[in-house]
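One structure, as structure tokens, below. Some questions next.
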Amino acid sequence: MSTVGKVIKCKAAVLWEANKPFSLEEVEVAPPKAHEVRIKIVATGICRSDDHVVTGALAMPFPIILGHEAAGVIESVGEKVTSLKPGDAVIPLFVPQCGECRSCLSTKGNLCIKNDLSSSPTGLMADGTTRFTCKGKAIHHFVGTSTFTEYTVVHETAAAKIDSAAPLEKVCLIGCGFSTGYGAVLQTAKVEAGSTCAVFGLGGVGLSVVMGCKAAGASRIIAVDINKDKFAKAKELGATECINPKDFKKPIHEVLTEMTGQGVDYSFEVIGRIETMTAALASCHNNYGVSVIVGVPPAAQKISFDPMLIFSGRTWKGSVFGGWKSKDAVPKLVADYMKKKFVLDPLITHTLPFTKINEGFDLLRTGKSIRSVLVL
């Protein structure tokens, strides 16, 4: 029986309020409106950014369906959709690509103005309404994607068509974690061969930064984490050295400066803590070092630092979705994965049924997982 043009009832993980477990509910998913597509989600990763909403570190409206790193198949399309059709394999994009705003038109930009992750997220579609209801209540969208559900609706500019032969339970990581880390190196920092790099934080995104540094030909890749259990994987993926800040009496930026002579060429903060952001900045060369903020900064916290850190010549950059123009880059990244130009399997430590979403988040919070993928 065709579902086209009809409301679909399906299972979703609803977060009714902060600091509570996800609740598996039956939700109604409305048909896509003009320029929108409805996607049957096949696999979705659990990312630290989702947990930031649970803890309140990332402010979002409630109730909400989280999830933003996924892959699925187009179930139906709304009017005026031209780039996608039912049956297409797709990856939803939390950074859309409208192709018309200044960021999209600039060779230097990728943060499309149509995103819903900037300073005041609405949790709604472009027309100011939601496509999800549960128990008679409107449920908010998350960064234009909402993938912790069997079906979701996204704007046409927020989905990239990919190779239908790609394993969706692997390439879903290209929807966030892998691309964010890998691109921070290749697109944002533009690390050169022979460079020295430091990577703060060895979760899924941090390990993807390590992979990017190796791909760029960095000669030293120093991985920094307080969980030494992550060091073996970091070395497997390209880290040349691994250090634990807890093993030293002096600040970690001093340790790195001593290890490298005058500091690293490039540092990457992939945790989302203001203390490590300033430490990463201080760790890079005082005159030409580049430090990139990759971890999502905590809401309502301000950063203070010695301006001499910048005055001497350092560059401090941010990177959203690895600097990739999403709709253009994601199909190419999937193609590169299919050509074995990089691996994703080492990042996926757990594959769980969707019903075990709360267990997946527990694995993340206790540091026992790198990436858990939920299969719907």
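Cβ atoms are placed via backbone N, Cα and C, with glycine included.
Feature table excerpt (Swiss-Prot):
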type	residues	note
BINDING	C47, H68, C176	Zn(2+) 1 binding site
BINDING	C98, C101, C104, C112	Zn(2+) 2 binding site
BINDING	G201, L202, G203, G204, V205, G206, D225, K230, V294, G295, V296, R371	NAD(+) binding site
MOD_RES	S2	N-acetylserine
What subset of the recorded positions S2, C98, C101, V205 lies within 10 angstroms of C176 (Zn(2+) 1 binding site) at the C-alpha level?
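Of everything listed, what lies within 10 Å of C176 (Zn(2+) 1 binding site) (Cα to Cα) is V205.
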Using a Cβ cut-off under 8 Å and a sequence separation of 6 or more, which residues in the same chain sit near C47 (Zn(2+) 1 binding site)?
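Counting only residues 6 or more apart in sequence, the Cβ neighbours of C47 (Zn(2+) 1 binding site) under 8 Å are H68, E69, C176, G177, G204.
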Across all chains shown, how many C-beta atoms besides its own are within 10 angstroms of the C-beta of S2 (N-acetylserine)?
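A 10 Å sphere around the Cβ of S2 (N-acetylserine) contains 7 other Cβ atoms.
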Judged by the number of other CB atoms within 10 angstroms, which among C104, C176, V205 is the least packed of the binding-site residues?
C104
What number of additional C-beta atoms lies within 10 angstroms of the C-beta atom of H68 (Zn(2+) 1 binding site)?
24
Nearest to S2 (N-acetylserine) by Cα distance: which of the binding-site residues C112, V205, V294 is it?
C112
If the Zn(2+) 2 site is taken as the center of the Cβ atoms of C98, C101, C104, C112, which further residues of that chain fall within 8 Å of it by their Cβ?
P96, Q97, G99, E100, R102, S103, L105, I113, K114, T157
Starting from the Cβ centroid of C47, H68, C176, the recorded Zn(2+) 1 site, name every other residue in that chain with its Cβ within 8 Å, sequence order please.
G45, S49, D50, G67, E69, F94, T145, G175, G177, T180
Given the binding-site residues C98, C112, V294, V296, and counting only Cβ atoms in the protein chains shown, which has the most within 10 Å of its Cβ?
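Counting Cβ neighbours within 10 Å, the top one is V294.
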Any idea what the Cα distance is from V294 (NAD(+) binding site) over to C112 (Zn(2+) 2 binding site), rounded to a whole Å?
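Here the two Cα atoms are 17 Å apart.
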Going along the chain, which residues six or more apart from G201 (NAD(+) binding site) have their CB under 8 A from its CB?
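Long-range Cβ contacts: V224, D225, E269, V270, I271, T276, G295.
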Rounded to a whole angstrom, what is the C-alpha distance between V296 (NAD(+) binding site) and C112 (Zn(2+) 2 binding site)?
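The separation of the Cα atoms works out to 17 Å.
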